[in-house]
Amino acid sequence: MRDFRLYAITGEEFHPDRSLQAVMEEAILGGVDIIQLRDKKSHKREVLEKARVLQALAKKYDIPLIINDHIDVALAVDADGIHLGQDDLPLSEARKIMGRDKIIGISTHKIEEAREAEKGGADYIGVGPIFETKSKEDVVDPVTTAYIQQVAHEISIPFVAIGGIKLHNVEQVLDAGATRICMISEIVGAEDVKGTCEVFSTILEQRGIGS
């Protein structure tokens, strides 16, 4: 898979007065180089329509679109991949359905899950939540930057840090060994989405982390 550094996940509850397309396009223009549609509440047809909108956007800017959990929607819009949680469809089954050419990401909260995901053939893993977060319901306790250090030392596939990452603490995340960061509310809930992403992009560039 193509490498990435700044990952944005949808969260429409954080921008009720702005369209999904407008917010995500601003994020891309600010430096986001991979996007994920995450929608646990809408009816399937609505999720499909959102996926079509985002797929058109992803193609326009030549970046990957990942669909969270909805493997049928991912197939329907020919998304670049899917992202699965620990309680979602098993990685081995998802790979049979998606094929070898699609991206499969797995959320992990401890090193044993990271090892299992790598062994099972995941293309990347999510590492988190690093800090407390209100963007996801039923979220596990923060894993802290210590987990980033573990993964950076032991896991060879790409990993992305997620969970409560903000401008005031992102340096801690990078200091721990992360080279890819992912956010929901800090990006899509920002007053200036493009400007916020540009700041994160600059921080990454100053660290020598290219897109």
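We number each residue from 1, going along the chain as drawn.
Cβ coordinates come from backbone N, Cα and C, glycine included.
What Swiss-Prot annotates here:
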BINDING   Q36, L37, R38, D39, K40, N68, S107, K136  4-amino-2-methyl-5-(diphosphooxymethyl)pyrimidine binding site
BINDING   D69, D88  Mg(2+) binding site
* Structure fact -> Counting every protein chain shown, other Cβ atoms within 10 Å of the Cβ of K40 (4-amino-2-methyl-5-(diphosphooxymethyl)pyrimidine binding site) number 10
* Sequence gap of 6 or more, C-beta under 8 Å: which same-chain residues meet both conditions with respect to D39 (4-amino-2-methyl-5-(diphosphooxymethyl)pyrimidine binding site)? -> T10, E12, E46, V47, K50, N68, H70
* Structure fact -> Counting other CB atoms within 10 Å of each candidate's CB, the least crowded of the binding-site residues D69, D88 is D88
* Asked: For R38 (4-amino-2-methyl-5-(diphosphooxymethyl)pyrimidine binding site), what is the tally of other C-beta atoms lying within 10 angstroms of its C-beta?
  -> 19
* Protein Cβ atoms within 10 Å of Q36 (4-amino-2-methyl-5-(diphosphooxymethyl)pyrimidine binding site), excluding its own -> 23
* To do: By Cβ count within 10 Å, point out the most packed of the binding-site residues listed: L37, N68, S107.
  => L37
* To do: Between the Cα atoms of S107 (4-amino-2-methyl-5-(diphosphooxymethyl)pyrimidine binding site) and D69 (Mg(2+) binding site), find the distance and write it as a whole number of Å.
  => 11
